[in-house]
Each structure stands twice: as C-alpha cells, then as structure tokens.
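For reference, the structure is listed below as structure tokens.
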Amino acid sequence: MMWRIRRRSRTICLSLAFITIFIHLLLALVSFSIYHQPCHTPLPPRTHILRDLAHTNYTSVVIRGPAELPTDNIQRDSSHKDGKKMVKSHVRPLSDKGGKNASIESDLLKLEALFGHPLYNMPSPPVPEEDWLLRVKPKVKASERSSQRWVSASQDGYEDVHWNSSSSSHPPWLRFHLGISRWQLYPHHDPNMEPLMQQLATHRIVSAVQKSGGTQLKLVMSFPNYGQAMFKPMKQERDEETNYNLYYFSDFERHNAEIAAFHLDRILGYRRIPPVAGRLVDVVKEIKDVTTDRKLARTFFTSPVGNECFYGQCSYYCSTEHAVCGCPRDLEGSLAVMLPDLSLARRKTWRSPWRRSYSRSKLAKWETEPEYCSTVKKTPPYDKGTRLVDFIDMVILDFLMSNMDRHHYETFEKFGNNTFLLHLDNGRAFGRHSKDEPSILTPLKQCCRIRRSTWLRLRLLSLPHYRLSDVMRASLSRDPLHKVAPLLAEPHLTALDRRLKTVLGTVSRCQKQQKRNGNGEDVFYEDTASLKDVATPAG
C-alpha cells in the first residue's frame, strides 16, 4: 500500500515539473515574439539598392560664380554666359511619384545653392606641412622606389594591393586619412567623398568583430582594401521617440542618428564628423560567417519568427531581450569611417566643462551657478585661442539634434590646443522631436560667445531659400537607406527649424545684454575677414 502511494506521489511531482517547464517555454516564446516581430513590410531587394548606389553622387556640387536662389519651378541652364558648362548634380530618381519627388528635387537645388554660397567657400591659405595630421614620404629615386611601396600579404578576402607615394594608388579611406588637417577632417568640395561613401555602402565586408569598450553594441567591419568602419545596428524604428521616463544615459543609440549627425555637421560647415553612410547588411553572410570574434559568434540565434539575431557583449542592451535582428537576414545600420589608428595619430580626451552629473538626483555645478562660464574662461585651454568657440559650435550641433550625451570630446594630440574638436558618438541624438532640451544650450547662454561665421551660416539656414529642414531632407535623400525609408521622420526635420530659431534668439539676447553692459566682451569671435564684402544674411 505504501509503495503505491509513493509511486503516485512521484508521478504527480514529475507531472507538475513537466507542466512548469512547459509554461516557462511558452512564456519565453511569447517574450521573443514581442521583441522580434516578423517583417511586415518587405525591404527593397539589396541588389536594387546596390545598383542605385553606382549612380549616386555624395559630393557637394561645385557652383562656379554667385549662388542662385532656388525656387520650386526653377529651370536649370546648361551653361554660363561665358560658355562654360555648369556642373550638374546627379540626383537619382526616387521611388515615390508626383509631389514628393518634385519636393526633393527642389530641396536638392536649395542644398546646391547653400554649398555654393560664399559663407561655405571662404578663401583659405595653403595648409602648411606641419598642419597635416599624417605625412607621405617625399619622392625618392627610382632605384629606391621598390622599398617605398606597401605590398599586402595575401590574406583571405583582402586585395593584393600596391601603394606608393602617389595619391592615385591609395584607396579612399587612406586618402581621407591623409586629408585630415589642423582645422577639419575633410575639405568642403572633396572629390574623395563619393568613392569613400561608395566604399562604405557597397564594398564587400571581409571581417566583423565587436568593438571593445562602450556601453552598447557596435562592430568594426573591414573591407578588402584594408579600410575599416564602425557599424552601429538599427535598434528602433525611425518614427519612435525616446521614452519620456528614460534618463538620457539610458537611451538607445540609433543608427539613423549617426547618419543624420554627419549630414547636419556638413550643412553647418563644420566637417568634424567622420563620413557615415547607411547600409543594409546580411546578418549571416556579412557578420556571422566572417567574424573571428568568438564571444560575438556565441550570441547568434534564430528568433521564433525566423529572423537572424545576435546580441554581443556590452554594458547595456546586450541580451536576448535586446537582441539585434535582421528581417529576416537584412539589418540596417550606419557605417562610419574609422579615424587613423592611435599608433599613427594619438587623440586626447577632454572632459566637457558642462558635463552632466549622470545621476538621477544630483545636479552638475554649471546647473546651479549662473556665472559658471566666467570660471571656464579663465581655465586652460578655454582661456585663449578658439577652444571656447569651437566648443560652442559643438553645443549648437548637439542642441539642434537634441543630444544630451556629450560628456567628453577628443582632439588630435599632434595639434595641441590649437585645433578643432572631433564630434564623435552621436547615436543618442534625434531621440525626441516633440520636446527641446534647453539645458544643452547653457554654455552659449552663459558665455555669450560664438564664431561670426557660425552665426552667419545659422542665419542663412533660417531663410526660406536655404531652410535647414529642406537642405537636411535633401542631403539625407542621398544616403542608400533613403530607398528603404527617410532617415529622419518629418517631425524631426520640423524640430530642426524650431531649434534653430531658439539658437538665433539666444544670440540676439546676448547681443542686447552686451549692449547694456557697455564695454563687455564682444559676442562674436571674428573669423570672417575674407568676407568683408559679403552681405549679412537677413534674418
């Protein structure tokens, strides 16, 4: 009798255990289905996107002579009065029809006129030899040339390349590195921009490994010509806004924010963000199959709806609950050109004077002291040179794209304190369009100091003929991922115009304050001596 009771008890316990396991598996499947939805809207075929890229022009169009103000019905002449042919912009046909296509073409004409304006073509002296970040060895005798060539080893997937001192032998990424100078990453009219962006968007990926450090997932991808790019995968839809209950340091990094930041940086005339292009990547063929990173390789799996996913290892959002998934294998992402290796060009990291507390309860010093900038102005390197106004340039960029995550910035060590600031890591920008964050502008409000050239370009972008939202829309339409969907939703573009008015209003209040104070420091840092005869844009 006791034997039968024990047997029944054991059977009941086993049954309960099986039921518990079944319930847990069911909950896990439901959880996965929430995070990994099937692809309702099929992406355009990858082959179509790659074919279109061959006809895409990424360079700003060179306009010879005064810039014409574009209108919606403007007719393009094929030549100037002097008989020289006008340089035409290569606008690829868009998939949409009617009004949208006409609107994009009108915006592209505005962008063309903007980049042809004298404010974007200020004459500058030749770059001294010591102002180039990297140097090419001088010409050598013919008998010594063989030893001056860089010949690649025959590694799997990499090209057998021969480079010498001639720039024509260099791949686009190397020409970009050799073009970095003391004051900018690349020139305004850069003929290397188109082949460089083509490389990012279309070249075969031969290696993908996880980038060490950082709080979120990112990969370093390599190309057959030994170029490398930083890949940030798509984390959320373009029209999603950041949850209002999240702190700025808990936000996702967005791939489209990295792309849009590069375009905005160019439009503002800074050229301090490395070139970034969007790309559809095959999760299996271009990441899983080519990775040599064992830790990354262990995180790949197929979701319950058949999407290929992985999650890597990082401080935040690297788990099955926050996995990055293809659709079913195609994954959107941003690819940013890597800067020269630190062994060739060391960089110095600077803590931002207006760094946030990164605390849920504490305020930073600048948030409680209205005269905080007076202390900063007396502190090296902000006490002389252009460092303060360069920092204000970065503040304006961050406010326009609502980036609250600028805790540090970097410069190239070779140039000391007399150089531009690198505007890196912009993935947490463009999170909210319905709300502006006025605290980002605090350095401008407290210091009341700005480059005159920056102020003039901002006023130009506030005019209907060069409206910031329109030229941003046009610039972003040249990115490969525009074929999938616009990189920024329209509310984000509208927010740019609204925030631009706020910046100009802040400068205007600074001017009034300076007049009231009499002999106080001038609001403008003069850097437009070569534009004495150019009319100030009305605003």
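Just so it is clear, glycine is given a Cβ too, placed from its N, Cα and C backbone atoms.
Straight from TrEMBL, the features:
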ACT_SITE  D405  active site
BINDING   Q216, K232, E253, A336, V337, M338, L339, E410, D425  ATP binding site
BINDING   E253, D425  Mn(2+) binding site
COMPBIAS  74-85  compositional bias 'Basic and acidic residues'
DOMAIN    300-516  domain 'FAM20 C-terminal'
REGION    70-97  region 'Disordered'
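On a Cα basis, Q216 (ATP binding site) lies 14 Å away from D405 (active site). Here E253 (ATP binding site) comes close to Q216, K218, K232, K235, G427, R428: these same-chain residues lie at least six apart in sequence, with C-beta atoms under 8 angstroms from its C-beta.
Most other Cβ atoms within 10 A: among the recorded positions D405, D425, that distinction falls to D425.
Residues near L339 (ATP binding site) in space but far in sequence (CB under 8 A, at least 6 apart, same chain), listed by position: H177, I180, P274, A345, R347, L422. Non-local contacts of V337 (ATP binding site) by the CB criterion (under 8 A, 6+ apart in sequence, same chain) comprise W173, F176, L196, L200, G227, A229, P274, P275, V276. Site extent for ATP: among the recorded binding residues Q216, K232, E253, A336, V337, M338, L339, E410, D425, the largest C-alpha separation is 20 Å. Residue density at Q216 (ATP binding site): 20 other Cβ atoms are found within 10 A of its Cβ, drawing on all protein chains shown.
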